[in-house]
Amino acid sequence: MDSSTPGADDHLACPPANGKCSPIQSSHAPSAPASSSEATLGRHLARRLVEIGVADVFSVPGDFNLTLLDHLIAEPGLNNVGCCNELNAGYAADGYARARGVSACVVTFTVGGLSIINAIAGAYSENLPIICIVGGPNTNDYGTSRILHHTIGLPDFSQEVRCFQTVTCYQAIVNNLENAHEQIDRAISTALKECKPAYISISCNLPSIPHPTFSREPIPFSLPPKMSNKLGLEAAVEATVAFLNNAVKPVLIGGPKLRVADACHEFIELADACGYPIAVMPSAKGLVPEHHPRFIGTYWGAVSTAFSAEIVESADAYLFAGPIFNDYSSVGYSLLLKREKAIIVQPDRVVVANGPAFGCVLMKDFLHLLAQKLEFNSTAYENYRRIYVPEGIPLKCDPDEPLRVNVLFQHIQKMLSQDTAVIAETGDSWFNCQKLKLPEGCGYEFQMQYGSIGWSVGATLGYAQSVPDKRVIACIGDGSFQVTAQDISTIIRCGQKTIIFLINNGGYTIEVEIHDGPYNVIKNWNYTGLVDAIHNGEGNCWTAKVRCERELEDAITTATEEKKDCFCFIEVIVHKDDTSKELLEWGSRVSAANSRTPNSQ
């Protein structure tokens, strides 16, 4: 554990603003005593959130959390962002945690908690530490046979926490002041250590009551860092070196758990040292710099970046750092990989082919030491260079003919820079955004493991709130937008300068390509009219509806010049069958996986 030099700001130690979880520095700065009126649970929680790096709290008020919200908004270091519903508040906390490293949301008991739980489950799947705070029942109601509102009508208050047990790493029920300090601190520190959401329920009558345990400023967290077993680390590296140095054309593939392992730097250090070509799994896009000289694109089986699948699947050895192999990332379990050729490096475990497995080995340490031991071998990359043919250019179209999706993304590509970030919604935007080439410093986020449609509106709100210096470009399908459209109002109210491309093709296109039916057709909205109504003359908002390339070019010019400091909503009208070739291939393979007949008993 690093120790900071005592100073005025040493009690604040924020996780890095890059979506990584890391230990918080300890401090030896003395804490100033609080006055009796300030020595409250509400103030303690507020100071804790500021200490770990939270500057914005996403909330929906309810009678059980109102007093707590009073204390949170009284904290100078916290800004309350009121959302339209709990689901969006959770999605916003998800997006915020991706950029800031940690986030917080506040809702009310049961009706709020069970509404936000879907977003918390998604954050759990993506290894994001969210402090989910719920205003709970009055302490006097515990242990009685009373039936409370906002419940299912039973004198049992445990329904909510039981639901949260499977999607959070720690659950704290704070209904007395004696151990409140310990419970809150343990919940927050566990979330930071595990990089998972934590649940804290605080009785509605406690936040304003002074207590001696809160009489001083919170002593800064000192989280013991995880450490590799030295002998295990050395043995894992030795076995890996023997395996890879014996290979003719090995490759490296980065996976999404590079983020939780905080090992992105070490992955590139290894790539620089060994000379192998590097690819990323689709959910790791944005974690590995695409300007690296040996970057060959996304490995996604049959829908990979051109020529990357051929190089990966023809290799005689591949090292996967932090992979998640599910039916989506494996394109319906169709990857042409062999276990005996693979080295799987997880955040704290290494498996070498079909041979030995090594536990208590941190990915960061493993990749760093491996970089010092491997022989340089650029054979696979040289093979890639031999077969590589530059991508084609979309067919030229008349500026006034109906717009095609590939033309749209050709123009979005030109908008990207180190001052932008891309949010890709579940659907065809997954595949079109995967093909974007990210400049150095350009952010990129999407939710692949959980794949919840509607995630992107709230996530865009939260992500943009955490990185005000970047302009967020969100690509959202019309079906997904209809799920969570309300919090466009919060985006406007927060004065964000996001650009949303609403891709209107009349339905759930990704579902159409997996299994079509009348349920995939949705009611068409006047989306720009809806956003104009939400705007209602208050805030800084500009909308446009485009049907051809000429109108698209004009809209982008306006959004990036005259309206560069404004929230811009561009509705793009495209044909319902205009999908990427990758979605067509992926959808058919996932459909085949979903429709497998039962095994015989």
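Glycine too: its Cβ is placed from the backbone N, Cα and C atoms.
A TrEMBL annotation is a machine prediction, not a hand-curated record.
Note that the structure is predicted; figures quoted are calculated from it, not measured.
Quick look at what TrEMBL lists:
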- Asp478, Asn505, Gly507: Mg(2+) binding site (BINDING)
- 40-149: domain 'Thiamine pyrophosphate enzyme N-terminal TPP-binding' (DOMAIN)
- 237-352: domain 'Thiamine pyrophosphate enzyme central' (DOMAIN)
- 448-572: domain 'Thiamine pyrophosphate enzyme TPP-binding' (DOMAIN)
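Applying DSSP to the domain 'Thiamine pyrophosphate enzyme central' (237-352) sorts its residues as follows: 39 helix, 24 strand, 53 coil. The Cβ of Asp478 (Mg(2+) binding site) has 25 neighbouring Cβ atoms from other residues within 10 Å, across all protein chains displayed. A C-beta separation below 8 Å, combined with a sequence spacing of at least six in one chain, links Asn505 (Mg(2+) binding site) to Gly477, Asp478, Val574, His575, Lys576, Asp578.
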